[in-house]
Amino acid sequence: MNQPSLLLTQGDPAGIGPELALKAWMLRKEQALPPFAVLSDPAFLERLAQNQGWDVPIRTVETAQIPGTFSKSLPVIPLSGPVSAQAGQPAAGAAASVVESIETAVRLVQDGAASALVTNPIAKHVLYEAGFRHPGHTEFLAALASKGGGETYHPVMMLWSEQLAVVPVTVHIPLADVPAALTTELIVRTGRIVARELRKRFGIAKPRLALAGLNPHAGENGAMGTEEANVIVPAIDILRAEGIEMAGPLPADTMFHARARSRYDAALAMYHDQALIPIKTIAFDEAVNVTLGLPFVRTSPDHGTAFDIAGKGIARPDSLIAAIKLAARLGAS
Ligand SMILES: NC(=O)C1=CN([C@@H]2O[C@H](COP(=O)(O)OP(=O)(O)OC[C@H]3O[C@@H](n4cnc5c(N)ncnc54)[C@H](O)[C@@H]3O)[C@@H](O)[C@H]2O)C=CC1
Ligand SMILES: NCC(=O)COP(=O)(O)O
């Protein structure tokens with residue numbers, strides 16, 4: 001591969017992903033973006049650009065042609081069939097194209113035909129209706145990576161921005177199931193992967209991790225919950241013994257303000273919203289979702305399908321652009 005290329009998945013065709021891919025391509029020079037291709041139906045993307053009045057010439061390519069095509073046309077790797085969608089009206093009928101786009105992109109990246117994968121948002125409930133069995137990309141990508149009977153990968157979701165990086169230790173599960181799912185073993189495994197990848201991919205020689213408590217005031221010495229003493233502290237002890245710099249369990253309400261953030265490189269939160277609320281509040285337009293623990297690089301914008309604004313041409317491409325830049329940086333390391 002002369003110049004590393006990135007692969008962008010289509011995402012839900014009724015959501016904002018496809019139009020953001022067009023916008024990102026239009027901003028390629030201004031943003032100095034590396035070459036990328038989208039895995040979708042070229043005719044669908046052409047119609048999308050026409051409807052918006054955007055000048056985006058589409059060219060069907062194979063991966064080797066991406067770098068040579070990118071400056072003049074948006075390279076598209078075609079899926080096996082046509083894609084159609086009504087903006088803002090998700091339909092389970094599109095699920096096959098959504099899944100095919102992800103599966104093909106993973107295969108191409110694993111074959112070395114591209115350097116990294118950037119996924120556009122999927123609506124999980126729409127895919128579930130069509131029989132998709134994985135909670136989200138994060139888990140699906142790990143299943144794809146583990147396919148073939150080799151190593152089994154434990155995926156770790158990290159949302160990263162210049163101001164804050166957060167990792168939900170439990171991810172796509174109901175809040176009521178969190179206490180039972182939260183084990184010392186899961187925290188230790190997650191902490192090891194985060195420390196390793198901050199070193200290896202982000203170039204942080206001695207990563208500093210902060211662990212949130214689960215309960216108010218990190219349990220208030222056991223008066224407001226016992227998970228801190230029984231589950232989280234033992235995990236911290238194990239990780240510290242392995243030489244990882246750890247702080248915690250910290251009360252989650254006071255660990256995300258600017259001074260507190262300066263004391264760690266990544267915050268491990270105990271559940272999805274404990275991690276994602278602070279970063280989406282501070283950096284909604286810049287934050288990137290990156291999956292750690294996989295044998296390839298995957299990033300994604302931090303937002304979802306935004307069906308309420310799809311097709312209106314007003315969705316901001318900032319987070320997708322940040323995801324493209326981070327994928328290029330991590331894919332090169
Ligand atoms: N990586 C992925 O595939 C992700 C998928 N989702 C999926 O997205 C669907 C919708 O989720 P929501 O919670 O509604 O979150 P959302 O991020 O799609 O939308 C939340 C609000 O932010 C706005 N918004 C989102 N992205 C924007 C952008 N680029 N520019 C301007 N405004 C933007 C939307 O218009 C909406 O008002 C869900 O089904 C969820 O599963 C959510 C997050 C990540
Ligand atoms: N809220 C983040 C999110 O749901 C992203 O999930 P995934 O599809 O990247 O696994």
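Glycine residues also receive a Cβ, built from the backbone N, Cα and C atoms like all the rest.
Long-range Cβ contacts of H137 (substrate binding site) within its own chain (separation 6+, distance under 8 Å): I102, T119, I122, T291, R298, S300. Feature annotation from TrEMBL assigns substrate binding site to H137, T138, K280, N289, R298.
Taking the Cβ of H272 (divalent metal cation binding site) as reference, residues of its chain lying under 8 Å away and at least six apart in sequence are, in sequence order, P168, T170, V171, H172, I173. What TrEMBL lists as divalent metal cation binding site is H172, H217, H272.
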Sequence gap of 6 or more, Cβ distance under 8 Å: name the residues on the same chain that satisfy this around H217 (divalent metal cation binding site), in order along the sequence.
M224, P251
Given a separation of at least six residues and a C-beta threshold under 8 Å, show me what packs close to K280 (substrate binding site) in the same chain.
L159, A287, D302
Measuring Cβ to any atom of ligand 2 with a strict under-6 Å cutoff, which of the binding-site residues H137, T138, H217, K280, R298 qualify?
H137, T138
Under a three-state reading of DSSP, tell me whether H172 (divalent metal cation binding site) is helix, strand or coil.
coil
